[in-house]
(Lines of atoms letter the chains of each structure in order from A and count residues from 1; the text may use other names and numbers.)
(Lines give C-alpha, C1' and ligand atoms only; values in the text may rest on other atoms or scores of the structure.)
Protein backbone atom coordinates (compact mmCIF):
# COMPACT_ATOMS: atom_id res chain seq x y z
CA UNK A 1 0.00 0.00 0.00
CA UNK A 2 1.01 3.64 -0.42
CA UNK A 3 0.69 5.52 2.83
CA UNK A 4 -1.10 8.55 1.40
CA UNK A 5 -4.56 10.09 1.39
CA UNK A 6 -7.20 9.77 4.09
CA UNK A 7 -6.62 7.08 6.69
CA UNK A 8 -9.51 6.44 9.10
CA UNK A 9 -8.93 5.46 12.73
CA UNK A 10 -12.06 3.77 14.10
CA UNK A 11 -12.87 3.32 17.76
CA UNK A 12 -12.73 -0.16 19.24
CA UNK A 13 -16.01 -0.07 21.17
CA UNK A 14 -15.93 -1.85 24.55
CA UNK A 15 -19.11 -3.32 25.97
CA UNK A 16 -19.18 -4.96 29.41
CA UNK A 17 -15.37 -5.17 29.38
CA UNK A 18 -15.21 -6.99 26.03
CA UNK A 19 -14.64 -5.77 22.49
CA UNK A 20 -18.03 -5.19 20.86
CA UNK A 21 -17.11 -6.98 17.65
CA UNK A 22 -20.46 -6.44 15.99
CA UNK A 23 -20.31 -2.67 16.50
CA UNK A 24 -16.67 -2.57 15.39
CA UNK A 25 -17.35 -4.62 12.24
CA UNK A 26 -20.30 -2.40 11.31
CA UNK A 27 -18.14 0.67 11.73
CA UNK A 28 -15.34 -0.72 9.53
CA UNK A 29 -17.89 -1.64 6.85
CA UNK A 30 -19.35 1.87 6.98
CA UNK A 31 -15.97 3.59 6.83
CA UNK A 32 -14.77 1.39 3.95
CA UNK A 33 -17.96 2.06 1.99
CA UNK A 34 -17.48 5.81 2.37
CA UNK A 35 -14.32 5.63 0.28
CA UNK A 36 -11.43 6.35 2.61
CA UNK A 37 -7.95 5.39 1.38
CA UNK A 38 -7.07 3.17 4.33
CA UNK A 39 -8.40 2.07 7.69
CA UNK A 40 -6.14 2.01 10.74
CA UNK A 41 -7.40 -0.40 13.39
CA UNK A 42 -5.98 -0.28 16.91
CA UNK A 43 -4.67 3.26 16.86
CA UNK A 44 -4.97 5.36 20.00
CA UNK A 45 -8.68 5.89 19.32
CA UNK A 46 -8.82 2.13 18.85
CA UNK A 47 -7.63 1.85 22.47
CA UNK A 48 -4.86 -0.62 21.54
CA UNK A 49 -2.88 -0.43 24.81
CA UNK A 50 -5.93 -1.39 26.87
CA UNK A 51 -6.53 -4.68 25.00
CA UNK A 52 -5.06 -8.14 25.44
CA UNK A 53 -3.05 -9.77 22.69
CA UNK A 54 -5.97 -12.10 21.86
CA UNK A 55 -8.41 -9.18 21.66
CA UNK A 56 -6.04 -7.26 19.39
CA UNK A 57 -5.50 -10.23 17.08
CA UNK A 58 -9.27 -10.63 16.79
CA UNK A 59 -9.83 -6.90 16.11
CA UNK A 60 -7.21 -7.05 13.34
CA UNK A 61 -9.02 -9.98 11.72
CA UNK A 62 -12.44 -8.36 11.97
CA UNK A 63 -11.05 -5.16 10.44
CA UNK A 64 -9.54 -6.95 7.43
CA UNK A 65 -12.66 -9.09 6.95
CA UNK A 66 -14.92 -6.02 6.79
CA UNK A 67 -12.73 -3.52 4.96
CA UNK A 68 -13.29 -4.96 1.50
CA UNK A 69 -10.63 -3.64 -0.86
CA UNK A 70 -9.54 -0.88 1.51
CA UNK A 71 -6.07 -1.57 2.95
CA UNK A 72 -5.98 -2.06 6.70
CA UNK A 73 -3.20 -0.71 8.91
CA UNK A 74 -2.92 -2.37 12.33
CA UNK A 75 -1.47 -0.76 15.44
CA UNK A 76 1.23 -2.91 17.05
CA UNK A 77 2.38 -0.70 19.94
CA UNK A 78 3.34 -2.10 23.33
CA UNK A 79 5.79 -1.17 26.07
CA UNK A 80 8.01 -4.22 25.50
CA UNK A 81 9.68 -4.92 22.18
CA UNK A 82 8.91 -8.65 22.26
CA UNK A 83 5.23 -7.90 22.78
CA UNK A 84 5.30 -5.56 19.77
CA UNK A 85 6.73 -8.37 17.65
CA UNK A 86 3.86 -10.64 18.74
CA UNK A 87 1.37 -8.00 17.59
CA UNK A 88 3.23 -7.69 14.27
CA UNK A 89 2.87 -11.45 13.74
CA UNK A 90 -0.84 -11.29 14.55
CA UNK A 91 -1.37 -8.31 12.21
CA UNK A 92 0.46 -10.10 9.42
CA UNK A 93 -1.59 -13.27 9.95
CA UNK A 94 -4.78 -11.20 9.88
CA UNK A 95 -3.93 -9.83 6.44
CA UNK A 96 -2.97 -6.30 7.37
CA UNK A 97 -1.34 -4.10 4.71
CA UNK A 98 0.88 -2.14 7.08
CA UNK A 99 1.65 -1.81 10.78
CA UNK A 100 1.44 1.34 12.87
CA UNK A 101 4.24 1.58 15.43
CA UNK A 102 3.93 4.01 18.34
CA UNK A 103 6.95 4.53 20.59
CA UNK A 104 4.95 3.74 23.72
CA UNK A 105 6.76 4.56 26.94
CA UNK A 106 6.48 4.19 30.70
CA UNK A 107 10.05 4.80 31.72
CA UNK A 108 11.29 7.57 29.38
CA UNK A 109 12.93 6.31 26.18
CA UNK A 110 16.13 7.69 24.72
CA UNK A 111 16.45 8.31 20.99
CA UNK A 112 18.63 5.19 20.79
CA UNK A 113 15.86 3.16 22.45
CA UNK A 114 13.32 4.43 19.88
CA UNK A 115 15.61 3.76 16.92
CA UNK A 116 16.40 0.29 18.27
CA UNK A 117 12.69 -0.47 18.57
CA UNK A 118 11.98 0.70 15.02
CA UNK A 119 14.94 -1.28 13.63
CA UNK A 120 13.87 -4.47 15.42
CA UNK A 121 10.25 -4.16 14.31
CA UNK A 122 11.08 -3.24 10.71
CA UNK A 123 13.53 -6.14 10.43
CA UNK A 124 10.88 -8.51 11.77
CA UNK A 125 7.87 -7.19 9.87
CA UNK A 126 7.08 -8.28 6.32
CA UNK A 127 4.77 -5.24 6.17
CA UNK A 128 5.57 -1.55 5.75
CA UNK A 129 5.96 0.27 9.07
CA UNK A 130 4.28 3.58 9.84
CA UNK A 131 6.04 5.24 12.76
CA UNK A 132 3.60 6.94 15.08
CA UNK A 133 4.67 10.14 16.81
CA UNK A 134 2.01 11.05 19.36
CA UNK A 135 3.67 12.69 22.37
CA UNK A 136 0.34 13.37 24.10
CA UNK A 137 -0.15 9.67 24.74
CA UNK A 138 3.28 8.04 24.29
CA UNK A 139 5.29 10.81 26.02
CA UNK A 140 8.12 10.40 23.51
CA UNK A 141 9.11 13.60 21.70
CA UNK A 142 10.49 13.23 18.18
CA UNK A 143 13.02 15.82 17.06
CA UNK A 144 13.80 16.32 13.34
CA UNK A 145 17.01 14.36 14.02
CA UNK A 146 15.01 11.43 15.39
CA UNK A 147 12.64 11.58 12.39
CA UNK A 148 15.70 11.38 10.15
CA UNK A 149 17.08 8.37 12.00
CA UNK A 150 13.85 6.34 11.91
CA UNK A 151 13.14 7.31 8.29
CA UNK A 152 16.47 5.77 7.26
CA UNK A 153 15.44 2.36 8.68
CA UNK A 154 14.59 0.02 5.78
CA UNK A 155 10.88 -0.85 5.89
CA UNK A 156 9.71 2.45 7.33
CA UNK A 157 7.14 3.81 4.85
CA UNK A 158 5.53 6.73 6.62
CA UNK A 159 5.63 8.92 9.69
CA UNK A 160 2.49 10.03 11.47
CA UNK A 161 3.24 13.44 12.95
CA UNK A 162 1.22 15.36 15.54
CA UNK A 163 -0.48 18.66 14.75
CA UNK A 164 1.33 21.34 12.76
CA UNK A 165 1.15 25.13 13.31
CA UNK A 166 -2.14 26.46 11.91
CA UNK A 167 -0.54 29.59 10.42
CA UNK A 168 0.20 28.62 6.76
CA UNK A 169 3.80 29.90 6.50
CA UNK A 170 4.74 28.34 9.83
CA UNK A 171 3.07 25.07 8.81
CA UNK A 172 4.98 25.00 5.49
CA UNK A 173 8.25 25.65 7.27
CA UNK A 174 7.48 22.94 9.85
CA UNK A 175 6.59 20.30 7.26
CA UNK A 176 9.53 21.31 5.04
CA UNK A 177 11.88 20.76 7.98
CA UNK A 178 10.45 17.27 8.55
CA UNK A 179 10.59 16.58 4.79
CA UNK A 180 14.22 17.57 4.80
CA UNK A 181 14.81 15.12 7.63
CA UNK A 182 12.91 12.12 6.24
CA UNK A 183 13.52 12.54 2.51
CA UNK A 184 11.12 11.91 -0.36
CA UNK A 185 10.57 8.16 -0.09
CA UNK A 186 8.90 8.20 3.33
CA UNK A 187 5.44 9.80 3.43
CA UNK A 188 4.42 12.29 6.11
CA UNK A 189 0.93 12.06 7.55
CA UNK A 190 -0.61 14.69 9.77
CA UNK A 191 -2.74 13.77 12.74
CA UNK A 192 -4.72 15.83 15.21
CA UNK A 193 -7.83 16.51 13.12
CA UNK A 194 -7.97 20.26 13.88
CA UNK A 195 -4.53 20.56 12.21
CA UNK A 196 -5.23 18.39 9.18
CA UNK A 197 -6.12 21.21 6.79
CA UNK A 198 -2.98 23.16 7.66
CA UNK A 199 -0.87 20.02 7.44
CA UNK A 200 -2.18 18.94 4.03
CA UNK A 201 -1.86 22.47 2.64
CA UNK A 202 1.73 22.50 3.91
CA UNK A 203 2.66 19.37 2.00
CA UNK A 204 1.74 16.35 4.11
CA UNK A 205 0.93 13.26 2.04
CA UNK A 206 -1.64 11.74 4.35
CA UNK A 207 -4.17 12.58 7.01
CA UNK A 208 -4.27 10.00 9.80
CA UNK A 209 -7.72 10.93 11.00
CA UNK A 210 -9.71 10.16 14.12
CA UNK A 211 -12.90 11.76 12.85
CA UNK A 212 -12.76 9.69 9.63
CA UNK A 213 -13.03 6.53 11.73
CA UNK A 214 -16.45 7.53 13.02
CA UNK A 215 -17.69 10.23 10.61
CA UNK A 216 -16.00 9.34 7.31
CA UNK A 217 -18.24 11.58 5.18
CA UNK A 218 -17.36 14.59 7.31
CA UNK A 219 -13.66 13.84 6.95
CA UNK A 220 -13.92 13.25 3.19
CA UNK A 221 -15.57 16.62 2.57
CA UNK A 222 -12.44 18.16 4.00
CA UNK A 223 -9.88 15.63 2.75
CA UNK A 224 -10.93 15.55 -0.93
CA UNK A 225 -10.34 19.24 -1.68
CA UNK A 226 -7.30 19.33 0.62
CA UNK A 227 -5.65 16.37 -1.12
CA UNK A 228 -6.57 17.79 -4.55
CA UNK A 229 -4.71 20.99 -3.70
CA UNK A 230 -7.85 23.07 -3.34
CA UNK A 231 -6.76 24.69 -0.08
CA UNK A 232 -9.47 27.37 -0.05
CA UNK A 233 -12.33 24.88 -0.24
CA UNK A 234 -10.69 22.69 2.41
CA UNK A 235 -10.19 25.69 4.67
CA UNK A 236 -13.84 26.70 4.33
CA UNK A 237 -14.85 23.22 5.46
CA UNK A 238 -12.26 23.36 8.26
CA UNK A 239 -13.73 26.64 9.51
CA UNK A 240 -17.23 25.16 9.37
CA UNK A 241 -16.02 22.25 11.57
CA UNK A 242 -14.36 24.53 14.13
CA UNK A 243 -17.03 23.81 16.79
CA UNK A 244 -16.15 20.11 16.53
CA UNK A 245 -12.42 20.80 16.86
CA UNK A 246 -13.12 23.01 19.88
CA UNK A 247 -14.78 20.06 21.60
CA UNK A 248 -11.56 18.06 21.13
CA UNK A 249 -9.43 20.65 22.89
CA UNK A 250 -11.95 21.57 25.58
CA UNK A 251 -12.71 18.00 26.59
CA UNK A 252 -9.14 16.83 27.04
CA UNK A 253 -8.43 15.16 23.69
CA UNK A 254 -10.50 13.49 21.04
CA UNK A 255 -11.20 10.07 22.56
CA UNK A 256 -14.08 11.00 24.86
CA UNK A 257 -15.68 13.25 22.21
CA UNK A 258 -15.47 10.57 19.52
CA UNK A 259 -16.83 7.93 21.88
CA UNK A 260 -19.75 10.20 22.73
CA UNK A 261 -20.42 10.90 19.05
CA UNK A 262 -20.41 7.16 18.34
CA UNK A 263 -22.81 6.59 21.22
CA UNK A 264 -25.13 9.43 20.22
CA UNK A 265 -25.29 8.21 16.60
CA UNK A 266 -25.94 4.61 17.66
CA UNK A 267 -22.61 3.38 16.23
CA UNK A 268 -21.60 2.11 19.69
CA UNK A 269 -23.52 1.44 22.88
CA UNK A 270 -23.01 3.72 25.86
CA UNK A 271 -20.54 3.41 27.60
CA UNK A 272 -18.01 2.28 24.97
CA UNK A 273 -14.61 3.15 26.50
CA UNK A 274 -12.50 0.81 28.66
CA UNK A 275 -12.60 1.60 32.37
CA UNK A 276 -11.13 3.49 34.16
CA UNK A 277 -11.92 5.97 31.34
CA UNK A 278 -15.44 7.22 31.86
CA UNK A 279 -17.37 8.85 29.09
CA UNK A 280 -18.43 12.47 29.11
CA UNK A 281 -21.04 13.48 31.65
CA UNK A 282 -24.54 14.82 31.04
CA UNK A 283 -23.73 18.47 30.38
CA UNK A 284 -20.73 17.62 28.19
CA UNK A 285 -22.83 15.10 26.23
CA UNK A 286 -25.44 17.77 25.61
CA UNK A 287 -22.73 20.08 24.23
CA UNK A 288 -21.49 17.36 21.87
CA UNK A 289 -25.07 16.68 20.74
CA UNK A 290 -25.61 20.40 20.12
CA UNK A 291 -22.51 20.61 17.92
CA UNK A 292 -23.62 17.56 15.91
CA UNK A 293 -27.01 19.15 15.40
CA UNK A 294 -25.56 22.53 14.39
CA UNK A 295 -23.30 20.77 11.87
CA UNK A 296 -26.22 18.63 10.65
CA UNK A 297 -24.37 15.41 11.44
CA UNK A 298 -26.65 12.46 12.07
CA UNK B 1 0.77 -4.33 57.78
CA UNK B 2 1.38 -0.70 58.73
CA UNK B 3 2.56 1.28 55.74
CA UNK B 4 5.42 3.03 57.51
CA UNK B 5 9.21 2.93 57.62
CA UNK B 6 11.53 1.90 54.83
CA UNK B 7 9.96 0.09 51.90
CA UNK B 8 12.39 -1.36 49.35
CA UNK B 9 11.54 -1.51 45.64
CA UNK B 10 13.71 -4.15 43.94
CA UNK B 11 14.37 -4.40 40.23
CA UNK B 12 12.80 -7.25 38.30
CA UNK B 13 15.87 -8.29 36.28
CA UNK B 14 15.15 -9.38 32.71
CA UNK B 15 17.43 -11.88 30.99
CA UNK B 16 16.91 -12.91 27.38
CA UNK B 17 13.39 -11.46 27.48
CA UNK B 18 12.35 -13.47 30.55
CA UNK B 19 12.26 -12.64 34.24
CA UNK B 20 15.51 -13.77 35.84
CA UNK B 21 13.81 -15.44 38.81
CA UNK B 22 17.02 -16.59 40.42
CA UNK B 23 18.52 -13.09 40.43
CA UNK B 24 15.22 -11.62 41.66
CA UNK B 25 14.87 -14.15 44.47
CA UNK B 26 18.44 -13.56 45.62
CA UNK B 27 17.82 -9.84 45.69
CA UNK B 28 14.64 -10.20 47.76
CA UNK B 29 16.47 -12.47 50.21
CA UNK B 30 19.28 -9.94 50.51
CA UNK B 31 16.95 -6.97 51.01
CA UNK B 32 14.85 -8.82 53.59
CA UNK B 33 17.95 -9.85 55.52
CA UNK B 34 19.13 -6.23 55.68
CA UNK B 35 16.13 -5.34 57.82
CA UNK B 36 13.88 -3.15 55.70
CA UNK B 37 10.29 -2.69 56.90
CA UNK B 38 8.64 -3.91 53.69
CA UNK B 39 9.49 -5.01 50.17
CA UNK B 40 7.49 -3.68 47.21
CA UNK B 41 7.70 -6.00 44.22
CA UNK B 42 6.56 -4.82 40.80
CA UNK B 43 6.89 -1.11 41.36
CA UNK B 44 8.14 1.09 38.54
CA UNK B 45 11.70 -0.11 39.17
CA UNK B 46 10.22 -3.61 39.12
CA UNK B 47 9.12 -2.85 35.51
CA UNK B 48 5.55 -4.03 36.20
CA UNK B 49 3.95 -2.56 33.06
CA UNK B 50 6.36 -4.44 30.78
CA UNK B 51 5.45 -7.87 32.17
CA UNK B 52 2.66 -10.29 31.30
CA UNK B 53 0.06 -11.28 33.88
CA UNK B 54 1.70 -14.70 34.27
CA UNK B 55 5.13 -13.16 34.79
CA UNK B 56 3.76 -10.76 37.38
CA UNK B 57 1.92 -13.50 39.28
CA UNK B 58 5.15 -15.48 39.38
CA UNK B 59 7.23 -12.49 40.56
CA UNK B 60 4.71 -11.88 43.37
CA UNK B 61 5.04 -15.52 44.50
CA UNK B 62 8.84 -15.47 44.38
CA UNK B 63 8.90 -12.22 46.38
CA UNK B 64 6.68 -13.59 49.14
CA UNK B 65 8.58 -16.90 49.23
CA UNK B 66 11.92 -15.14 49.75
CA UNK B 67 10.93 -12.21 51.97
CA UNK B 68 10.74 -14.22 55.19
CA UNK B 69 8.81 -12.22 57.77
CA UNK B 70 9.09 -8.96 55.86
CA UNK B 71 5.69 -7.92 54.44
CA UNK B 72 5.52 -7.80 50.66
CA UNK B 73 3.64 -5.12 48.74
CA UNK B 74 2.78 -6.02 45.14
CA UNK B 75 2.25 -3.53 42.31
CA UNK B 76 -1.07 -4.10 40.50
CA UNK B 77 -1.08 -1.24 37.99
CA UNK B 78 -2.44 -1.61 34.46
CA UNK B 79 -4.17 0.63 31.97
CA UNK B 80 -7.49 -1.22 32.18
CA UNK B 81 -9.40 -1.61 35.43
CA UNK B 82 -10.30 -5.25 34.82
CA UNK B 83 -6.63 -6.08 34.28
CA UNK B 84 -5.79 -4.37 37.59
CA UNK B 85 -8.34 -6.57 39.36
CA UNK B 86 -6.68 -9.66 37.86
CA UNK B 87 -3.35 -8.52 39.28
CA UNK B 88 -4.99 -7.91 42.68
CA UNK B 89 -6.27 -11.48 42.67
CA UNK B 90 -2.82 -12.81 41.79
CA UNK B 91 -1.15 -10.69 44.49
CA UNK B 92 -3.65 -11.91 47.07
CA UNK B 93 -3.12 -15.53 46.05
CA UNK B 94 0.64 -15.03 46.29
CA UNK B 95 0.36 -13.94 49.91
CA UNK B 96 1.01 -10.23 49.52
CA UNK B 97 0.40 -7.94 52.51
CA UNK B 98 -0.73 -4.91 50.48
CA UNK B 99 -1.17 -3.80 46.89
CA UNK B 100 0.42 -0.78 45.25
CA UNK B 101 -1.94 0.96 42.82
CA UNK B 102 -0.53 3.43 40.27
CA UNK B 103 -2.99 5.47 38.20
CA UNK B 104 -1.40 4.34 34.94
CA UNK B 105 -2.60 6.29 31.90
CA UNK B 106 -2.38 6.36 28.12
CA UNK B 107 -5.33 8.57 27.31
CA UNK B 108 -5.36 11.25 30.04
CA UNK B 109 -7.47 10.37 33.09
CA UNK B 110 -9.83 12.77 34.83
CA UNK B 111 -9.98 12.94 38.62
CA UNK B 112 -13.28 11.06 38.46
CA UNK B 113 -11.57 8.28 36.46
CA UNK B 114 -8.81 7.99 39.08
CA UNK B 115 -11.26 7.95 42.01
CA UNK B 116 -13.41 5.38 40.21
CA UNK B 117 -10.36 3.16 39.69
CA UNK B 118 -9.33 3.42 43.35
CA UNK B 119 -12.89 2.71 44.54
CA UNK B 120 -13.21 -0.35 42.30
CA UNK B 121 -9.84 -1.77 43.33
CA UNK B 122 -10.31 -1.08 47.05
CA UNK B 123 -13.78 -2.67 47.01
CA UNK B 124 -12.34 -5.74 45.26
CA UNK B 125 -9.11 -6.08 47.24
CA UNK B 126 -8.97 -7.89 50.58
CA UNK B 127 -5.59 -6.17 51.08
CA UNK B 128 -4.75 -2.58 52.03
CA UNK B 129 -4.26 -0.34 49.00
CA UNK B 130 -1.29 2.01 48.63
CA UNK B 131 -2.11 4.65 46.03
CA UNK B 132 0.90 5.45 43.90
CA UNK B 133 1.34 9.01 42.63
CA UNK B 134 4.22 9.04 40.15
CA UNK B 135 3.50 11.62 37.45
CA UNK B 136 6.85 11.07 35.72
CA UNK B 137 5.74 7.63 34.56
CA UNK B 138 1.94 7.56 34.89
CA UNK B 139 1.33 11.12 33.63
CA UNK B 140 -1.46 11.62 36.15
CA UNK B 141 -1.06 14.66 38.40
CA UNK B 142 -2.57 14.44 41.88
CA UNK B 143 -3.80 17.67 43.44
CA UNK B 144 -4.41 17.94 47.21
CA UNK B 145 -8.12 17.64 46.35
CA UNK B 146 -7.50 14.35 44.54
CA UNK B 147 -5.39 13.06 47.46
CA UNK B 148 -8.31 13.88 49.76
CA UNK B 149 -10.79 12.02 47.55
CA UNK B 150 -8.72 8.83 47.25
CA UNK B 151 -7.78 8.91 50.97
CA UNK B 152 -11.48 8.79 51.86
CA UNK B 153 -11.94 5.51 49.95
CA UNK B 154 -12.26 2.65 52.50
CA UNK B 155 -9.29 0.31 52.13
CA UNK B 156 -6.76 2.97 51.13
CA UNK B 157 -3.95 2.75 53.70
CA UNK B 158 -1.19 4.92 52.30
CA UNK B 159 -0.27 7.36 49.56
CA UNK B 160 3.09 7.25 47.84
CA UNK B 161 3.92 10.82 46.87
CA UNK B 162 6.64 12.05 44.50
CA UNK B 163 9.55 14.17 45.68
CA UNK B 164 8.99 17.06 48.07
CA UNK B 165 10.77 20.45 48.03
CA UNK B 166 14.28 20.07 49.50
CA UNK B 167 14.13 23.35 51.45
CA UNK B 168 12.92 22.29 54.97
CA UNK B 169 10.21 24.92 55.51
CA UNK B 170 8.79 24.37 52.02
CA UNK B 171 8.88 20.60 52.55
CA UNK B 172 7.03 20.89 55.87
CA UNK B 173 4.40 23.11 54.30
CA UNK B 174 4.02 20.70 51.36
CA UNK B 175 3.64 17.60 53.55
CA UNK B 176 1.33 19.46 55.97
CA UNK B 177 -0.94 20.35 53.06
CA UNK B 178 -1.11 16.71 51.99
CA UNK B 179 -1.65 15.62 55.62
CA UNK B 180 -4.51 18.06 55.85
CA UNK B 181 -5.99 16.51 52.72
CA UNK B 182 -5.58 12.83 53.63
CA UNK B 183 -6.08 12.94 57.42
CA UNK B 184 -4.26 10.98 60.11
CA UNK B 185 -5.35 7.43 59.30
CA UNK B 186 -3.71 7.22 55.85
CA UNK B 187 0.09 7.19 55.86
CA UNK B 188 2.16 9.37 53.52
CA UNK B 189 5.26 7.87 51.96
CA UNK B 190 7.84 9.89 50.07
CA UNK B 191 9.47 8.57 46.93
CA UNK B 192 12.21 9.91 44.70
CA UNK B 193 15.23 8.91 46.78
CA UNK B 194 16.98 12.30 46.53
CA UNK B 195 13.95 13.82 48.33
CA UNK B 196 13.56 11.15 51.03
CA UNK B 197 15.50 12.97 53.74
CA UNK B 198 13.52 16.16 53.26
CA UNK B 199 10.26 14.21 53.11
CA UNK B 200 10.88 12.23 56.29
CA UNK B 201 12.07 15.35 58.16
CA UNK B 202 8.87 17.07 57.02
CA UNK B 203 6.63 14.39 58.52
CA UNK B 204 6.24 11.60 55.97
CA UNK B 205 5.60 8.19 57.59
CA UNK B 206 7.35 6.05 55.01
CA UNK B 207 10.09 6.10 52.40
CA UNK B 208 9.17 4.14 49.30
CA UNK B 209 12.72 3.67 48.13
CA UNK B 210 14.29 2.57 44.87
CA UNK B 211 17.82 2.45 46.25
CA UNK B 212 16.71 0.22 49.16
CA UNK B 213 15.67 -2.43 46.65
CA UNK B 214 19.24 -2.79 45.38
CA UNK B 215 21.44 -1.24 48.11
CA UNK B 216 19.43 -1.78 51.32
CA UNK B 217 22.35 -1.02 53.65
CA UNK B 218 22.90 2.34 51.98
CA UNK B 219 19.21 3.20 52.35
CA UNK B 220 19.08 2.03 55.98
CA UNK B 221 21.99 4.28 56.99
CA UNK B 222 19.85 7.18 55.89
CA UNK B 223 16.42 5.83 56.88
CA UNK B 224 17.23 4.80 60.47
CA UNK B 225 18.23 8.26 61.75
CA UNK B 226 15.59 9.94 59.58
CA UNK B 227 12.79 7.75 60.96
CA UNK B 228 14.12 8.17 64.52
CA UNK B 229 13.82 11.93 64.17
CA UNK B 230 17.55 12.53 63.99
CA UNK B 231 17.35 14.88 61.02
CA UNK B 232 20.94 16.14 61.24
CA UNK B 233 22.47 12.67 61.02
CA UNK B 234 20.15 11.77 58.15
CA UNK B 235 21.01 14.97 56.32
CA UNK B 236 24.74 14.29 56.69
CA UNK B 237 24.21 10.90 55.06
CA UNK B 238 22.01 12.50 52.41
CA UNK B 239 24.77 14.99 51.55
CA UNK B 240 27.30 12.15 51.37
CA UNK B 241 25.04 10.37 48.85
CA UNK B 242 24.59 13.47 46.66
CA UNK B 243 26.78 12.06 43.87
CA UNK B 244 24.40 9.09 43.63
CA UNK B 245 21.32 11.33 43.52
CA UNK B 246 23.00 13.42 40.81
CA UNK B 247 23.31 10.31 38.65
CA UNK B 248 19.52 9.79 38.95
CA UNK B 249 18.77 13.27 37.63
CA UNK B 250 21.52 13.40 35.02
CA UNK B 251 20.72 10.01 33.52
CA UNK B 252 17.00 10.55 33.01
CA UNK B 253 15.56 8.90 36.12
CA UNK B 254 16.63 6.15 38.46
CA UNK B 255 15.84 3.00 36.46
CA UNK B 256 18.93 2.95 34.22
CA UNK B 257 21.24 3.91 37.09
CA UNK B 258 19.85 1.23 39.42
CA UNK B 259 20.03 -1.39 36.67
CA UNK B 260 23.66 -0.47 36.04
CA UNK B 261 24.46 -0.64 39.77
CA UNK B 262 22.83 -4.08 39.96
CA UNK B 263 24.86 -5.21 36.94
CA UNK B 264 28.14 -3.78 38.27
CA UNK B 265 27.63 -5.44 41.67
CA UNK B 266 26.73 -8.80 40.11
CA UNK B 267 23.15 -8.69 41.45
CA UNK B 268 21.80 -8.92 37.88
CA UNK B 269 23.34 -9.91 34.58
CA UNK B 270 23.93 -7.24 31.95
CA UNK B 271 21.64 -6.22 30.27
CA UNK B 272 18.78 -6.52 32.79
CA UNK B 273 16.13 -4.10 31.50
CA UNK B 274 13.29 -5.00 29.11
CA UNK B 275 13.84 -3.82 25.54
CA UNK B 276 13.35 -1.24 24.08
CA UNK B 277 15.03 0.25 27.18
CA UNK B 278 18.76 -0.05 26.73
CA UNK B 279 21.13 0.20 29.64
CA UNK B 280 23.61 2.99 30.08
CA UNK B 281 26.49 3.13 27.62
CA UNK B 282 30.20 2.76 28.30
CA UNK B 283 31.01 6.29 29.46
CA UNK B 284 27.86 6.50 31.62
CA UNK B 285 28.63 3.08 33.14
CA UNK B 286 32.11 4.28 34.04
CA UNK B 287 30.61 7.31 35.81
CA UNK B 288 28.27 5.08 37.83
CA UNK B 289 31.17 2.80 38.73
CA UNK B 290 33.23 5.82 39.83
CA UNK B 291 30.43 7.02 42.14
CA UNK B 292 30.09 3.54 43.68
CA UNK B 293 33.82 3.47 44.29
CA UNK B 294 33.88 6.96 45.79
CA UNK B 295 31.01 6.00 48.14
CA UNK B 296 32.72 2.67 48.95
CA UNK B 297 29.69 0.68 47.78
CA UNK B 298 30.50 -2.84 46.68
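Glycine residues also receive a Cβ, built from the backbone N, Cα and C atoms like all the rest.
According to TrEMBL, the features are:
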BINDING   B:45  pyruvate binding site
ACT_SITE  B:132  active site, proton donor/acceptor
ACT_SITE  B:160  active site, schiff-base intermediate with substrate
Cα distance (Å, whole number) from residue B:132 (active site, proton donor/acceptor) to residue B:160 (active site, schiff-base intermediate with substrate): 5
Rounded inter-Cα distance in Å - the residue listed as 'pyruvate binding site', the residue listed as 'active site, proton donor/acceptor': 13
Assigned element (helix, strand, coil) containing the residue listed as 'active site, schiff-base intermediate with substrate', judged by DSSP: strand
